[in-house]
Amino acid sequence: MNNYKLQAPYQPNGDQPKAIKKLVQGVNSGEEFQTLLGATGTGKTFTIANVIQQTGRPALILAHNKTLAAQLCNELRQFFPKNAVEYFISYYDYYQPEAYVPVSDTYIAKTASINEEIDMLRHSATRSLFERKDVIVVASISCIYGLGIPSEYLKAAVKFAVGESIDLRSSLRALVDNQYTRNDTEITRGRFRIKGDVLEIGPAYEDRLIRIELFGDEIEAIRFVDPLTGEILESLDQVSVYPAKHFVTPKERLDSAISAIRNELKEQLDKFAYEGKLLEAQRLEQRTKYDLEMLREVGYCNGVENYARHLAGREEGTPPECLIDYFPKDWLLVVDESHVTCPQLHAMYNGDQARKKVLIDHGFRLPSAADNRPLKCEEFWEKSRQTLFISATPGQWELDQCEGKFIEQVIRPTGVLDPIIDVRPSDGQIDDLLSEIRVRAKKNQRVLVTTLTKRMAEDLTDFLSDNKVRVRYLHSEIHSIERIEIIQDLRLGEYDVLVGVNLLREGLDLPEVSLVAILDADKEGFLRAERSLIQTIGRAARHVEGVALLYADNFTESMKRAISETDRRRTIQKKYNQINGITPKPAGKKIENSILSFLELSRKLDTGGLSKDLINIVSNKTDDILNAKDNQCLLDEMPSLIDKLENKMKDAAKELNFEEAANLRDRIKKLRQKLSRNT
């Protein structure tokens with residue numbers, strides 16, 4: 001049964017109906033690989049949403065970074081508000097992997113900081129995959145890393161049903177075995193408490209509490225309740241409480257794992273002794289024996305993931321089970337921006353193994369640590385059954401899987417044509433660019449400029465700034481959150497020009513950009529290859545007056561192919577518009593605060609130095625501000641404010657001031673609603 005309910009204020013048009021029909025036919029007929037070659041701004045996400053809705057398959061959408069994953073997740077949640085659209089990325093705010101540098105004899109211990117909200121979203125994704133069919137998971141490449149054993153995770157779930165009799169002591173023990181901790185004072189995710197005949201659990205995948213009310217040994221009621229006020233939110237007939245961690249190891253398997261680790265240790269020590277590596281042997285023996293003692297006593301140790309092969313009972317060299325293994329058999333894989341995502345996917349294993357080999361060779365880890373790894377590319381494709389590659393510039397590998405066939409989508413619903421390409425000589429290019437920027441600035445339009453080196457970008461930024469141009473410089477050292485802010489400021493008109501080395505960022509959605517300038521376009525290389533040029537030119541493809549300026553003294557083969565492809569698309573688009581009487585119109589798109597930006601901004605932004613409006617909100621003077629015309633400054637600071645109010649709400653609840661906590665909760669709810677309306 002197809003439970004997907006697609007909601008959109010418009011119907012497929014342009015090339016979308018044809019692309020949707022062909023993709024659906026391919027999926028239903030069992031085609032293993034298909035490629036959608038969709039030009040920038042043609043509505044590829046909406047096309048994929050329709051394919052998912054019509055095929056009714058659970059879907060994994062793979063993006064090559066968490067920012068794009070968040071953008072996709074937001075869009076799909078708007079299309080499928082009644083279905084489960086989940087977000088699965090690495091839950092580390094900060095991660096420094098364990099490493100050893102032999103040249104300087106430097107050991108670097110693993111350090112990491114886990115984002116609890118993202119961890120909750122990851123658990124929500126796996127819970128949804130177990131409990132329903134209408135599930136779309138938008139994930140980053142982190143989904144190819146080990147994620148426990150799905151069968152053990154499901155088997156370990158503690159089930160409760162109204163009317164059933166339970167042994168409370170056994171249920172509490174099961175929760176502890178599933179890595180929940182008892183705390184009768186403060187309950188949060190991964191904790192539970194028991195008061196009289198009421199058991200309350202903070203599940204790993206919810207921000208609500210599960211309250212189980214008992215009458216003797218019989219379950220009288222099961223409810224979702226607000227963790228701060230105790231307000232009943234929903235009544236249930238039954239509920240499954242999944243483990244607090246994805247890695248679940250039964251007692252019998254832990255015992256056999258300890259035995260296997262001990263045997264492997266003996267073999268490796270004998271090997272080191274034979275090779276005369278006495279220091280390495282001592283180092284390995286000391287560390288591993290300590291880890292074994294910790295595993296025996298508490299079932300956990302630092303770096304426990306390095307023993308994952310033994311704890312999972314896998315054979316040497318076999319692939320780990322990951323998010324993909326939580327999907328049912330008939331799932332659908334969608335690889336977004338496949339020309340970037342596929343190479344990234346194929347490179348993950350080799351990079352991981354190079355680091356692990358050094359640790360193993362120098363006695364920091366057992367050889368089995370090498371099996372705590374991402375999937376190899378061939379293992380990944382063996383697990384996937386049907387795949388849709390999505391890109392404006394598909395790579396050769398993807399096209400080879402489809403035997404060179406692809407489905408094209410070049411008509412934009414807005415009727416906007418691909419940018420006009422204007423090739424100009426490099427002599428006097430900076431003065432020429434400055435005059436073009438001033439023309440756009442007067443029209444309240446934006447400009448992107450891409451250079452070949454950081455030094456050139458810095459010098460150009462300084463020159464433009466000295467000439468009274470509002471300009472910013474985007475480079476690799478800027479944190480991803482600051483990058484989001486810079487892009488939002490460009491759209492808001494805080495400045496007119498963005499300069500960078502590599503602005504071809506796939507998925508960068510900037511409808512206000514009318515001019516893209518590519519300096520040194522005739523210098524062959526990665527940044528001026530055909531695909532890079534097409535992607536960069538495409539940044540101006542959402543504007544009615546879109547133009548791409550290529551400064552070059554020669555026509556390279558890459559330039560010729562990129563110009564030819566752009567002209568071909570313009571011809572098709574222009575003809576379609578003439579036949580159908582379509583006048584190009586701007587692609588108006590609201591400025592978004594993505595899931596990712598909201599999560600990280602709410603955690604990281606300084607809550608000090610709030611604006612007057614925000615001070616009024618903290619002082620409970622919210623109604624006038626919330627009902628007033630949108631204040632962008634307020635919107636920008638809102639995630640920080642929500643974080644501040646949540647802390648005040650928790651403090652009020654701890655002090656048993658539930659009336660104040662409820663009042664703060666309602667204000668936070670208003671703020672979240674305002675934020676969602678304007679994103």
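Heads up, the Cβ atoms here are built off N, Cα and C, so glycines get one too.
Here the Cβ of THR42 (ATP binding site) has 27 other Cβ atoms within 10 Å, regardless of which shown protein chain they belong to. Among the features that Swiss-Prot reports, ATP binding site is placed at GLY38, ALA39, THR40, GLY41, THR42, GLY43, LYS44, THR45, with the record citing sequence analysis.
Taken from Swiss-Prot, the feature domain 'Helicase ATP-binding' covers 25-412.
Swiss-Prot lists 429-583 with the feature domain 'Helicase C-terminal', giving sequence analysis as the kind of evidence. For the domain 'Helicase C-terminal' (429-583), the model's pLDDT averages out at 90.
Annotation comment: Swiss-Prot describes 639-674 as domain 'UVR'.
Sequence annotations record features per position, and here Swiss-Prot assigns motif 'Beta-hairpin' to 91-114. Listed by sequence, the residues of this chain that lie at least six past the ends of the motif 'Beta-hairpin' (91-114) yet keep a Cβ under 8 A from its Cβ atoms are 122, 302-303, 355, 358-359, 362, 364-365, 600, 603.
Cβ contacts within 10 Å of LYS44 (ATP binding site), excluding its own Cβ and spanning all protein chains shown: 23. Break the motif 'Beta-hairpin' (91-114) down by DSSP state and the numbers are 0 helix, 15 strand, 9 coil.
Taking the centre of the Cβ atoms of GLY38, ALA39, THR40, GLY41, THR42, GLY43, LYS44, THR45 as the ATP site, the nearby residues of that chain (Cβ within 8 Å, site residues left out) are THR47, ALA392, GLN409, ARG412.
Taking a C-beta cut-off of under 8 Å and a sequence gap of six or more, GLY43 (ATP binding site) has these contacts in its own chain: PRO12, GLY14, GLN16, GLN409, ARG412, PRO413.
Its own atom aside, the Cβ of GLY38 (ATP binding site) has 25 Cβ atoms within 10 angstroms in the protein chains shown. The highest number of surrounding Cβ atoms within 10 Å, among the binding-site residues THR40, THR45, is found at THR40.
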